[in-house]
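Structure record follows, encoded as structure tokens.
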Amino acid sequence: MPQFFLSFAFITLLNWPCLAVYVAKDQFKSWYPEFGPTFEAIMEGNCSAEYERYLTIPRENATIDWFTGGGNTNRLAQPVANCILGNTSEYIMSNMAAAAVVLGLMPTILATVGNSVEETSTLCVIGQRPLIALLVAAGSPAIHPIRSFEYMNPMKLVKSRHYRLRTERSSVPLGTVTLAIEFLAAIAAIINTYTLCNQLGVMVVSMLAPQLTYLEFLWSIIGISSHVSAAASLWARTRITRGTRRGYIGEVLSRQFKPLDKEDWTQAVIDENETYVSMSLSYFTSLLGTCHLICGSMLFSSLVFISATDSLKIMARYMASAMVSRFILMYELFWLREFLGERKELFVKADSIESSRSTEVTERGG
């Protein structure tokens, strides 16, 4: 029962921004700078009546303009957006079309710059850093879809590599400071991403659903779920070699604010063989990533009331968060390779695990 209430509270808090902005009427009040004065003049001179109805009339009492694309859900925002577009010059319309192309390509571009689900799941499960993995996933919501039933092989990510620059392992105090900087940078990337989502919700309008201002926020949240699903797929192949699974999880969570240590990876191994659960979660991750990329392209290409120049600024901010998150992830994986690159016992066959367990039981019995 406590788990149910905790889950309910978490889901409520997660969806509270969506519920709050659904009833708010914050659109058409602020604009991006290049064409903002033009849209404000159109609002005052040509669309004041539509905007007044948008602010004062309850949604259920508003009339629907079916011939211009109105519907039951967008009956308030659609007339205002349609009026502004009807009084906008062809030059500005063409500029907004160019911005739609840039923004429509943005999810794919961010996916190539950002983190892959295989990398974040490796850091979460093998690196035993679920908190920092979740933060870098939230800071860079765009993901590159993996192929269906693709074999997730974390061994290639933690395999030792030969770098030209070799670094010495820092002391514990310096490692703690570095970890604190990582957390601060990851949180800054998240703040930048979700502040931008909020700005897009109120400063532009999506032609998919003009009345909704939380679509960009929802798209970012769904992106995190792909990383969680990939981590769960890899976790399904994890075998605890000492102690209980609950105790193992507790020890992992207690080390989230400590620097990496070689002695922290002796209680679990990764089965090289896929299980039915891991295969199902891997397929779900692939499907979710594909849908996320398609929905992102549709959403951002449908945004209006923004210029091509302003769209480049938006992409730059998203890319900044993605690159910061990427740098943090690569730094963590670098040290993970240093610690685990030669430890082949982390990746074993399923029959080897069963054989070792049988031997352990026999020794205890003897």
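Even glycines carry a Cβ here, placed using N, Cα and C.
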Which listed span TrEMBL calls transmembrane segment, if the choices are 91-114, 283-306: 283-306
Beyond the flanks of the transmembrane segment (170-194) by at least 6 residues, Cβ under 8 Å: 132, 135-136, 138-141, 217, 220, 257-260, 317-318, 320-322, 324-325, 327-328, 331-332
